[in-house]
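> My questions all concern the structure below.
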Ligand SMILES: NC(=O)C1=CN([C@@H]2O[C@H](COP(=O)(O)OP(=O)(O)OC[C@H]3O[C@@H](n4cnc5c(N)ncnc54)[C@H](OP(=O)(O)O)[C@@H]3O)[C@@H](O)[C@H]2O)C=CC1
Ligand SMILES: O=C(O)C1=N[C@H](C(=O)O)C[C@H](O)C1
């Protein structure tokens, strides 16, 4: 009989962490061996012989949590935002020193969101203008969302070499045109009652395409978390984006 995969959650008292604890507890072949809150020492991961760490905390603590896991040979599935290019490069260097260890950094675990981002990047070459509106619950500490940043990066890659989007704005109040991520305007809405939503608007003369995804609850993220947990040990090194684990091009 194969043994269950031993999984730990860091950030277990948060919205995502609590949902992940419950999902892992219900999942076949997985055993939840540790659920760490803010005040729990990371050594608990070693004492409980965790094999995969799910990291769902805050941008300020995520990097040190993941580096601890990698340095001790544990695989990590990371949903926390804030992993900019500098942090990812440093982590890739650490992974090179720890061959065989896998880390997945997923800006969004919802399969529909991953697909929506992919579709937006595919469409972006064919329109004059692209802007992103991301909408979240008001407890979110970061803006723009990690998903919007990733979407803007992929759109910018797809539009490389094309002229900039038309925009005659000469005078604007600060923030009126959103945050500009890789030349793509991103508008962040924080509204009571929302969970996590994104709409990519693509426009050309006489037409508009809108690509929208809605997460109505944390349950939307759990299939992606479980996919990551089951796969991360078989993909050494750093994977950025859950699409790296999906065979979207086949
Ligand atoms: N990739 C994805 O699909 C998704 C990613 N996210 C991202 O995941 C992260 C968490 O989101 P969410 O659960 O909504 O946020 P919450 O604020 O609900 O939870 C964050 C948790 O992190 C804990 N925490 C803070 N510092 C530490 C630390 N040093 N060590 C351990 N735990 C710590 C907090 O503890 P305390 O309660 O004590 O303050 C809190 O429980 C965010 O970055 C968010 O953007 C969110 C949804 C989906
Ligand atoms: O904080 C959230 O809630 C979410 N954070 C992630 C992000 O910043 O993109 C993923 C999802 O949007 C929910």
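Just so it is clear, glycine is given a Cβ too, placed from its N, Cα and C backbone atoms.
Residues or ranges marked as domain 'Dihydrodipicolinate reductase N-terminal' by TrEMBL: 6-109. The feature NAD(+) binding site is assigned by TrEMBL to 11, 12, 13, 14, 15, 16, 79, 80, 81, 106, 107, 108, 109. Residues annotated as domain 'Dihydrodipicolinate reductase C-terminal' in TrEMBL: 112-243. Here TrEMBL flags 136 as active site, proton donor/acceptor. Residues or ranges marked as (S)-2,3,4,5-tetrahydrodipicolinate binding site in TrEMBL: 137, 146, 147. Feature annotation from TrEMBL assigns active site, proton donor to 140.
Describe the structural context of these features.
DSSP assigns residue 11 (NAD(+) binding site) to coil, not to a helix or a strand. A 10 Å cutoff on Cβ-Cβ distances gives residue 11 (NAD(+) binding site) a total of 25 other Cβ atoms nearby, all chains included.
Summarised as a single figure, the pLDDT of the domain 'Dihydrodipicolinate reductase C-terminal' (112-243) averages 98.
Within the same chain, residues at least six positions away from residue 136 (active site, proton donor/acceptor) with a Cβ under 8 Å of its Cβ are 145, 188, 189, 190, 191, 194, 195, 196, 197.
In the shown protein chains, 25 other C-beta atoms lie within 10 A of the C-beta of residue 147 ((S)-2,3,4,5-tetrahydrodipicolinate binding site).
Just so you know, the Cβ of residue 140 (active site, proton donor) picks up 15 other Cβ atoms within 10 Å once every protein chain is counted.
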> What is the separation, in Å, between the Cα atoms of residue 15 (NAD(+) binding site) and residue 140 (active site, proton donor)?
11
> Out of the binding-site residues I have (11, 13, 15, 79, 109), which ones have their Cβ sitting under 6 Å from ligand 2?
none
> What is the separation, in Å, between the Cα atoms of residue 11 (NAD(+) binding site) and residue 140 (active site, proton donor)?
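The Cα atom of residue 11 (NAD(+) binding site) is 15 Å away from the Cα atom of residue 140 (active site, proton donor).
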> 10 Å Cβ neighbour count around residue 146 ((S)-2,3,4,5-tetrahydrodipicolinate binding site)?
20
> For a Cβ distance below 6 Å to any atom of ligand 1, name the recorded positions from 11, 136, 137 that qualify, or say none.
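Checked recorded positions vs ligand 1; flagged 11.
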